[in-house]
Amino acid sequence: MDVSQFAESKGVKTALEAAALAAANTALRNARVVTPYLTQQQTKNLLELFRGAQLRFEPRDNWAHPVQRVVHDALEQYVRRAAGPNCLEVGAHPRSINRHQASHRCFLPPVGRDEQRWQVAPRRGLCNLIRRALLNGVKVAREFCQLGFGACSHQCEVGIALYSLHDMRPADVACAMARHNMRTMYVVLHLPEEAMLPPGSYSNKFYNTVNTADKCIITYADDSCAGYVHKREVLQDWITTTGVSGRHPMLIERVRAIGCHFVLLCTATQPCPMPYTPYPSSNTVYVRNVYGPALGAGLFTPKCCVDATFYPVPRRVWQRLMMFGTTLDDDAFCCSRLLTYLRGISTKVTVGNIVANEGWQPEEQQLTAVAIAAYLTVCHQRWVRTQGIARGVRRLQAEHAQQFWFKVWELFTNTGTVPGYSAGFYRQLATWISGGLTIDFERRVFDKRVKCGCCCVCERRPADPGCLCIDDFPDGANGLVKLKKWPIRAGTKSAVSKWAQVRVRADSTEDLIDLSVPKLLTLKELAAAAIRKQPSAPPSLHILDRRPVGDPRRPVNCAPPAVSAGPVPAPPGNPVIESVQGSGAGGPEVSESQPGLTPTREVTNMPLPPQRGQEEVLAVLPSGARVIVGNLLDVAADWLVNPANRDHQPGGGLCGMFHRRWPHLWPVCGEVQDLPTGPVIFQQGPPKVIHAPGPDYRIKPDPDGLRRVYAVVHQAHGTVASPLISAGIYRAPARESFEAWAATARDGDLLVVQRSMAQHIRDFVLNEGRHRPRELHVDRAMADMVNYGLATEPEPYNELVKGVEVAPMTVKYALIAGVPGSGKSSSVDHRGAVVITPTKTLAREWSARGATAVTPHVAASAAPEGRVIVDEAYAIPPHLLVASLRRARDVVMLGDPHQIPALDFDGRCLTSAVDLGLQPTSWRTVSHRCPWDVCIFLRTDYPTITTTSRVLRSVVFTGETIGQKIVFTQVAKQSNPGSITVHEAQGSTFDQTTIIATLDARGLIASSRAHAIVALTRHRERCSVIDVGGVLVEIGVTDAMFNNIEMQLVRPDAAAPAGVLRAPDDTVDGLLDIPPAHTDVAAVLTAEAIGHAPLELAAINPPGPVLEQGLLYMPARLDGRDEVVKLQLSDTVHCRLAAPTSRLAVINTLVGRYGKATKLPEVEYDLMDTIAQFWHHIGPINPSTLEYAEMCEAMLSKGQDGSLIVHLDLQDADCSRITFFQKDCAKFTLDDPVAHGKVGQGISAWPKTLCALFGPWFRAIEKHLVAGLPPGYYYGDLYTEADLHRSVLCAPAGHLVFENDFSEFDSTQNNVSLDLECELMRRFGMPDWMVALYHLVRSYWLLVAPKEALRGCWKKHSGEPGTLLWNTVWNMTVLHHVYEFDRPSVLCFKGDDSVVVCESVRARPEGVSLVADCGLKMKDKTGPCGAFSNLLIFPGAGVVCDLLRQWGRLTDKNWGPDIQRMQDLEQACKDFVARVVTQGKEMLTIQLVAGYYGVEVGMVEVVWGALKACAAARETLVTNRLPVLNLSKED
């Protein structure tokens, strides 16, 4: 298709210009800002170095090394983001200490240039503290050391080194990483290619390099100060090395480079072939000067091509020169022509604005050397070409001159039929000029592998007495000396056989030679040095037979000679040799009587190694298994476990020790049991060994596989001694390996750990659940810094901490860390503790759970004593945290080091200056909040995170706004009403969230991944991401990323049910199969049938009633909301309405229900005879543990943890206060729902202490009542609808329904009802003090609302622990005392509601006085049918659900504003519909409801269809905004 006609379209041009402008704006907005002043050459160099990246120059700084520092800052940003904040930094520059966080910093003693840097270092924050400590000679501290990276042993998994390892070789770095137990290290190095050249001076447009015999000096272009000096050999090692092998393997990978500045990722793992080209874009060729400076006489001396000087030549110049010389005619080829052509192409040529030739400006000597090198190279190529052609022609002549039969014979004898090139006539040597006169680093490939430093110490320093890398044997994960075979020779008076082996330990104080230890291999030079050093007294030997089974030689027998009783021990620090008889085949036997051999135990007092069965026991598990410290190969057990590999080949570590001790066990054979990690082989030996390969955690963590391996191992008959399988080179956590072993360990089984792991096992594994508290040491310097922070606290917080001072102290704490949503705060017991939170939002959440929560400034001022809980400890400023804990006795901290740390809002740098170094005492890795996709995304930050959530995909990029809005900056918070920042959201949980990333948060998100972690881990179900500017794309939060995560997630299958599934009950005949109906149609029909009009008012506050008794406490302001907004099914409701949010409505309810005078009769009523009519066999009972368990289950179901239950003290308000809450009426009515003139309803909650005291008793009494009721009685809800339906269906014909509903039932109860309750409690055996306490609390009480209070007496409160029980009992007592029922068949009682199906009913004469004296208000009626507790009673027809009442109550509810309320509506309708349908009473229900209310059957069918529509989530909701009419007088 031809689109040329659109090329000149204005719209197309405009669109292209707009797109280009947008791209330019985006590039400039995201560009790297370059702040130093630069020369023109430096600017060009930076643009070329950062090719592909946008730079924006905003000069404002004067730097000595501007180009290098810009490169340094770029690589530093990448490295710190990759390493995270809790890393170890090697050789940190003083200016970076206050800006960046690190767990530890390693320095060398400041000398020379370092001394200058520390003298001019910043005089504030942590940098100033370290500067003063270094200059005062402090060697080691928590935050730093000046031992150097190679000598320090601070434990840290990740490290960084920014231009600080130019003096350490890769092998030494590998050993240092092992000492630090470091797995990953990011190393930034300056590695110029000129370091690979011989001594000389080399220049390019970026820098000048001067190579001396051992130094490499680099000075960058236009720099104003001295350059950099490095060791050439070290630079060459870093350039050529890609891996370190040996005991401390390391893999080196180049992950980023800017020019010759590299970021090397050093990983502690086995190296693999990784050939690489370090300078793939080098545009320089180095040409050799064949003359050579100061060489011997003669051009072709052997070293002329090795030590010659090289000149850098632009690649384009050299390629053009070689092309010209190669293509010249033989007659025209000469050196002068090459020199003339070289001079010509070295001249810059410009044609207009086009540079035709960039030019080159060489020196005279350089020009001559290049021309000569080119001439010699072309000469050599021409000679090779001539020789090749001549030999080829002779070969062709010979081939064509062959006879026929010779050709046939050659055809059958030659295997190859395709002729190749014959180059056998010439072979080049490396020292020849013909071997090449140029070095081209663009084509150089390096893949060198060296051995770690501790492996080569004996070869480099043969006189050294020991090795720096000495750790426990045999696991060797932290760096053990290389052990080699070295037979003992002459030099001692001992006659030891040649095949004995020695072991050297430089730190030992044992005998010079001791053969009582297992056979080990040793260092050659150290052994020789130890043997040459003669002790003052003959050494004593103890030779132990360690020969293989079946060795025919006699065991060595050492006869003890007469020696002096006091041998002189070797001086401490000298090497000590331990020798063990080897398994070699040759060598003379040791004679039975040797004068130089003396039993060690009889002569010396030196300590001996632990003997078999005498190892140190760390712990004994309940199963009888033991954890011991010792050598696995010497443990007395039936079976020894060898942590083998999958191929069962002799390896390193403990597996290698098994092979060296018992080589006859290989090849492995025996009983095999296959596992996914590899076959487990039971070998009979001797000794009996179980070869058990564990899972490789370097590939994938597999706790289940580890448990399976231990389970198979512990199936062996007899005791089993195991190591921590997979905890060595396979990198499994020691905790997981221990837990897997402990899960299946039996009585007598052993877990053998080495000495260096003992403390780790004791602290973090064996003491799980009772972690040893850590200590926070506050020295004088830290206390001064804390006091400085408190004194300079900004307004308005300075008034809170005014006068607070902190002295040096030590605080013991336990820090529970874990992944987001792991239940850190919900699992801690906050009873009696003060909770310190960083934000008010978090404090309110703690207060809602019943805790005493304060913010850090309040805590610093109050200094709480006793138990203190610190939530989100890492987010609290350290000086406030220290000040808050100065009086605390028991401190529990909660937090996550990967989330947002304490922020330095006011720029005082106190966060970095006061480094508390908090270390977790326990880690939790199971999240109960985060969905699966979020967990997978966070695996880089939390490698072992898992979740119990069932949500697979939760993060969406649809642009919708749902749930709580979370932003990153205060500006964005002001632009998005209702939103909160990530700092405020930290520690909170929401069902749905919306993350809004604005452009002003780019720097915050790019510099701190913790902010994104907090934002992504706040939701349970769904998270909508709105990222218009692509801010979150930089950290990988994209739709494509989460789509890939969703594809990777394995959807778990539902677990099989424990029992047999029961199908839903089959419905009986009577189903109408009515389809769902429109809810708005049902609402209109219901309004017409009942006669209710659409609402014009949300509620009416009637005039307040008169306070007849009690004392009322009123707030200063009686305000409330003037309008109500609800999302409802209709604008017409059928429930009595009130205004629960109005303060006047609350006071009206308090006074109307509990402020009226209570009538107290002058006569006493004995109602026990009345109770005997329905309650028989009242006698003493005791609540069992079942009632207490039911109480605990009820508390847990409501989210309570029992922390609100306190000691019984009536003077304590928490123990005696009754709390009042106003609630919606939601009472279905056929009268006017608004102008009803009645007060609202409320809930009175008793304190949890009294509920826990009386609750189990009342529950036991209730069970006794229900169990003893006569036939036909139905109590509360403790029956099934089917039983009630059957009883009503079987009622005799002609029976009537008597129903009664008390008015003001609670407020009319007085001393008569209370005395009755107390009398029943006494007869059931309740202690007298409890009865008296109940009578006291019920008689005189204080009802406390949020802002109001009422002090009164008598009455009944709905929140009492026995509300339903005693209200129902009082209801039954009054009805049986006032009325007499003839032939009752069904009697239902629940609270103040009651229904009796009987033949007739008449009033008792004695009941009139009870009603009058107690002021009872009874609303009774008798008819052919009645209503009871949302049920309609029709004698002879049965019991059906009240459809119209259910629909009317739904119209009053507010089903907004979130999706959760709509789901509640759907679930409620589903339950109601299922309740009707499963009983097969759909037709009966519709008919009886229509008959009860006197409406059309069709209308009830539409209501039934509307309920079905709501159950199917097909309802229609309307928003009603209505005013509240206030008729009360506020004065």
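Heads up, the Cβ atoms here are built off N, Cα and C, so glycines get one too.
All protein chains shown were included, and the count of other CB atoms within 10 Å of the CB of P820 (ATP binding site) stands at 27. Residues or ranges marked as ATP binding site in Swiss-Prot: G818, V819, P820, G821, S822, G823, K824, S825.
Marked as compositional bias 'Polar residues' by Swiss-Prot: 591-600.
Taken from Swiss-Prot, the feature domain 'Alphavirus-like MT' applies to 56-239, supported by sequence analysis.
Taken from Swiss-Prot, the feature domain 'Macro' covers 612-761.
What Swiss-Prot lists as region 'NTPase/helicase' is 803-1046.
Apart from the site residues G818, V819, P820, G821, S822, G823, K824, S825, the chain places the Cβ of D896, R924, S927, H928, R929 no farther than 8 Å from the centroid of the site's Cβ atoms, the recorded ATP location. With the fewest other C-beta atoms within 10 Å around its C-beta, G823 stands out among the binding-site residues G818, G821, G823. When DSSP labels each residue, the domain 'Macro' (612-761) comes out as 44 helix, 30 strand, 76 coil, counted as helix, strand and coil in that order.
Less than 8 angstroms from the CB of V819 (ATP binding site) sit D896, R924, T925, V926, S927, C930, L938, Y942, I945, each of them six or more residues away in the same chain. Least crowded of the binding-site residues (S822, S825), judged by neighbouring Cβ atoms within 10 Å of its own Cβ: S825. According to DSSP, K824 (ATP binding site) sits within a helical segment.
Taking a C-beta cut-off of under 8 angstroms and a sequence separation of 6 or more, K824 (ATP binding site) has the following same-chain neighbours: I816, A817, G818, D871, L894, G895, D896, R924. A mean pLDDT of 87 is what the model gives for the region 'NTPase/helicase' (803-1046).
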